[in-house]
Amino acid sequence: MTTRYIFVTGGVVSSLGKGIAAASLAAILEARGLNVTIMKLDPYINVDPGTMSPTQHGEVFVTEDGAETDLDLGHYERFIRTKMNRRNNFTTGRIYEEVISKERRGDYLGATIQVIPHITNAIKEKVLAGGEGHDVAIVEIGGTVGDIESLPFLESIRQLGSELGRERTLFMHLTLVPFLGAAGEIKTKPTQHSVKELRSIGIAPDVLVCRGDRAIPANEKAKISLFCNVEERAVISLKDVDSIYKIPALLRSQGLDDLVIKRFNLTCNEADLSEWENVIYQEANPNGEVTIGMVGKYIELPDAYKSVNEALKHAGLKNRVTVNIKYIDSQTVEAKGEEVLQGLDGILVPGGFGERGVEGKIFAAKFARENNLPYFGICLGMQVALIEFARHVAGLEGAHSTEFNPQTPYPVVGLITEWINEEGDVETRHESSDLGGTMRLGAQLCHLKEGTKAAVAYDSATCVERHRHRYEVNNNYIDRLEKAGLVFSGLSSDRKLIEMIELPNHPWFVASQFHPEFTSTPRDGHALFEGFIAASYAYQKRDID
């Protein structure tokens, strides 16, 4: 299969939405019957985002094969059916790590290692490997043209453009076309300078996607075309919209996909965007609304919970309700208690690491349990629900996770290597997909207990979901917690690890060790989120009635 490559760059300012634009174009091409994948090349020195602060970088998106990647890969999976993997995202740090490792092994036979050709060759190899087996591979270059960090990536795609030829490569550049209120006009000069910068390093853009708060008039498009040496029909206006899921139709209406198909000399069907039209209709025509309190520790940057935010919206689409998310700092819950949890239709406690704010999350789980308020716990959200139940229902006063209190008298949650069995020995359990010894990453099978809310929601005896955690439920406390009324509704593939818990006599008190948000999409939703939002809407209606 001959793969065609679309390289997406950005200029003028950051945060223009390259990832959304790339994913939207991919969605149109997929709707035309093409097999499409998307890659993200990140210029930072970190090897991967796994240890980066969520408040600086946003969430870490976990792929099926266990790669910790940029949140843009979440956008890609929500827009197209292709599943991402570790080949879809790599960083400067990863490239340098691999090149230096090869140099230490002597793979370069004593050659002087340089950015060109060794680093650029390594980048090109990864791009070509990532696109293998697909009709079209869209490659997003992180950062902004002009950044020193991006230069090796830009040089690499310049070389690929030359080596593969025009019939297999296309360069798409996103720029900002601002409207100056004082002057009352659109300004194209920033775009002209950005294209000049790009051309100075040997890349001539074939398509310009011009971002702004309004549509660009035809005369301004003609001006941009003239000064940037781009066909007028290849100057695409991408104005701000109230829903990112409108963007595929917006790009389609301006013929961007036709331009790509013609450039690559492909023969394919017209785009069928009916699924996206249905999503937009559902979003625009809700029958009600719910307010969900998200109790977390990274709430100053909503992108830290990007996939959770989107999954809640998807569940709203399926239930025909608008989901309003109220972000609540778990430390504020510690300070003010019930006061900040009033007026909610449901509580969601997402994943997280570290001790800060954990007692606030435990309090939120207790509040939901005692008030029959729908509760959904994810990863740490399941662990705090378990800790709360152990303390206040099962009589295990002082129960905790060894992550937060290594001296707890009742370690109901701990590292899998920390369990002490009845003989007093340290018990070690792991699954073949464990990485790094203690972190469970990637998609794994879960067995669901018949008749539970989890099994009913999935309408299946099993599910496959993605993990990202180090700590597990301590199996030594399962019997005692079950006798107190807790239901362990999900077990790992070997049935040795707890994956889900729930309360039977509660409208919706369900929690999972895995991260279901990573597999939710606007077209398909996700069973657990849909069940949670349905229960939250029913709770609200009960109050009204």
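Keep in mind that glycine also has a Cβ here, set from the backbone N, Cα and C atoms.
Annotation source Swiss-Prot lists CTP binding site at S14, D147, I148, E149, K187, T188, K189, P190, T191, Q192, K223, citing sequence analysis. The Cβ neighbour count for Q192 (UTP binding site), using a 10 Å radius and every protein chain shown, is 16.
The Cβ of P190 (UTP binding site) has 15 other Cβ atoms within 10 Å, all protein chains considered. Reduced to three states, the DSSP call for P190 (UTP binding site) is helix. Annotated UTP binding site per Swiss-Prot: S14, K187, T188, K189, P190, T191, Q192, K223, in sequence order, evidence recorded as sequence analysis.
There are 24 other CB atoms within 10 A of the CB of G19 (ATP binding site), with all protein chains counted. In the three-state DSSP classification, G19 (ATP binding site) falls within a helix. As annotated by Swiss-Prot, ATP binding site applies to S15, L16, G17, K18, G19, I20, D72, K239, D240, V241.
A sphere of 10 angstroms centred on the C-beta of E140 (Mg(2+) binding site) encloses 27 other C-beta atoms. The Mg(2+) binding site annotation in Swiss-Prot covers D72, E140.
For 291-542, the entry in Swiss-Prot reads domain 'Glutamine amidotransferase type-1', with the evidence type sequence analysis.
The Cβ of G352 (L-glutamine binding site) has G296, K297, Y298, K361, C379, L380 as same-chain neighbours under 8 Å, each 6 or more residues away in sequence. What Swiss-Prot lists as L-glutamine binding site is G352, L380, G381, M382, Q383, E403, R470, and the listing cites sequence analysis.
Of all Cβ atoms in the protein chains displayed, 23 besides its own lie within 10 Å of the Cβ of C379 (active site, nucleophile). The annotation active site, nucleophile is assigned in Swiss-Prot to C379 on the grounds of sequence analysis.
DSSP assigns H515 (active site) to a strand. Residues or ranges marked as active site by Swiss-Prot on the basis of sequence analysis: H515 (among others).
Residues annotated as active site in Swiss-Prot, with sequence analysis given as evidence: E517 (among others). Remark: E517 (active site) has S307, V308, E310, A311, P350, I378, H526, F529 as non-local neighbours, by Cβ distance under 8 Å and separation of at least 6 in sequence.
A Cβ within 8 Å of the Cβ centre of G352, L380, G381, M382, Q383, E403, R470, the residues given for L-glutamine, is found for these other residues of the same chain: G351, F353, C379, V384, S401, V413, H469, Y471. Ranked by Cα separation from I148 (CTP binding site), the recorded positions E140, T188, E403, H515 are led by E140.
For the ATP site listed in the record, the two most distant Cα atoms among S15, L16, G17, K18, G19, I20, D72, K239, D240, V241 lie 20 Å apart. Taking a C-beta cut-off of under 8 Å and a sequence gap of six or more, G17 (ATP binding site) has these contacts in its own chain: L174, R211, L238.
The least crowded of the binding-site residues S14, Q383, judged by other CB atoms within 10 A of its own CB, is S14. Of the recorded positions K189, K223, H515, H515 has the largest number of other Cβ atoms within 10 Å of its own Cβ. Reported as a whole number, the C-alpha separation between D72 (ATP binding site) and T188 (UTP binding site) equals 28 Å. Here the binding-site residues are I148, L380, M382, and the one ringed by the most other CB atoms within 10 angstroms is M382.
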